[in-house]
Amino acid sequence: MVKRVLAIVFILIIGLWMAKALDQVPFGEDRMLVGKYYLDHVKEETGAVNAVTAVVVNYRGFDTLGEVTVLFIASTGVAALLWKKRKERSAKTEGSVVLTTGARILLPFIMLFGAYIFIHGHLTPGGGFPGGATIATAFLFLYLTFTLYEVDHKIFEPLEGLAGIGYVTVGLIGLAVGGYFLFDWIWQTWGVGKENIGRLISAGFIPIIYTLIGIKVGTELTGIIDNMIKEPEEGGQ
Amino acid sequence: MNPYYFASIALILIGFYAILAKRNVLKMLVGLSIMETGVNLLLISVGYVSGKSAPILTEGITPNNAVDPIPQALVLTAIVIGVATTAMALSVVINLYEKYKTLNVEEIRRLRG
């Protein structure tokens with residue numbers, strides 16, 4: 001009881017302090033400095049219409065590379081923490097016919113929508129991470145619906161690694177062509193799609209990198225689900 | 001006080017309270033996730049410019065009526081990192097339960113010694 005009261009008092013002090021600090025930051029006011037530059041130059045410098053994905057992939061590509069690395073380390077860490085021999089599914093309840101049939105019908109739609117999100121990252125809201133999460137949702141659906149379902153590990157883990165290698169390779173080609181890592185060689189050197197900004201074939205390497213990121217995120221989150229849904233055979237029940 | 005700032009501070013504080021006062025490890029993790037949500041909401045609301053729309057420059061949206069794209073890019077990164085840390089922490093919790101058969105932090109501390 002004393003502990004909770006102390007915690008509440010402590011938290012209220014922190015809250016007052018944060019509120020005082022945030023009073024200095026007026027809400028809804030234009031205080032863009034670099035953001036203004038990004039918005040003004042995003043079309044001719046990257047060819048993307050969606051300024052957020054242009055910032056994430058093109059202007060601040062190192063952030064995204066680090067983010068993908070964090071996700072990869074998390075996926076590897078979950079696998080290392082939960083690695084046991086002879087794995088078996090923990091919950092083995094059969095779903096109803098409505099559930100399995102509904103999953104069969106919905107599955108291609110979820111997959112298609114996920115692919116749509118990451119391919120059109122430079123035109124519409126979304127990008128590699130939401131699209132990859134949507135694809136992982138489709139696999140989560142399969143795992144929760146069918147008790148015997150398991151992804152093909154011989155295809156899945158190499159695909160994850162290849163997508164990551166592809167991202168770094170695109171960056172290294174930029175280093176060779178333009179002089180720095182993650183240089184947008186498709187847009188700035190080749191000039192592919194200069195005249196159709198706002199259509200699918202534009203925006204340099206953003207669609208390519210987002211497709212790779214989408215594949216990588218989808219496979220990684222599916223791997224995390226796959227590791228978490230299993231338990232060792234003898235320790236169960 | 002602005003409602004967005006208020007809500008984000010409230011979310012951060014609720015999450016912090018859960019971390020301080022709860023004894024179940026899973027509830028502490030829920031608190032951590034609530035805190036992450038609060039921080040992300042705060043970042044997004046700092047980047048808002050009143051009366052302007054999303055920074056996707058199609059059909060009548062010029063650079064002059066779009067909001068700041070940088071906080072949105074930052075939050076995109078922060079969300080993914082939050083998901084990654086939550087997944088790691090959850091697998092640690094699974095291991096804790098398999099080893100100690102309890103999720104109460106005080107009992108786990110006692111069992112170790």
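Every residue, even glycine, has its Cβ placed from backbone N, Cα and C.
TrEMBL has this to say about the protein:
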DOMAIN    A:7-88  domain 'MrpA C-terminal/MbhE'
TRANSMEM  A:65-83  transmembrane segment
TRANSMEM  A:95-119  transmembrane segment
DOMAIN    A:98-221  domain 'Na+/H+ antiporter MnhB subunit-related protein'
TRANSMEM  A:131-149  transmembrane segment
TRANSMEM  A:161-182  transmembrane segment
TRANSMEM  A:197-215  transmembrane segment
DSSP-derived helix, strand and coil totals, residue by residue, for the domain 'MrpA C-terminal/MbhE' (A:7-88): 59 helix, 4 strand, 19 coil
Structural state census, the domain 'Na+/H+ antiporter MnhB subunit-related protein' (A:98-221) (DSSP three-state): 88 helix, 0 strand, 36 coil
Integer mean pLDDT for the domain 'Na+/H+ antiporter MnhB subunit-related protein' (A:98-221): 82
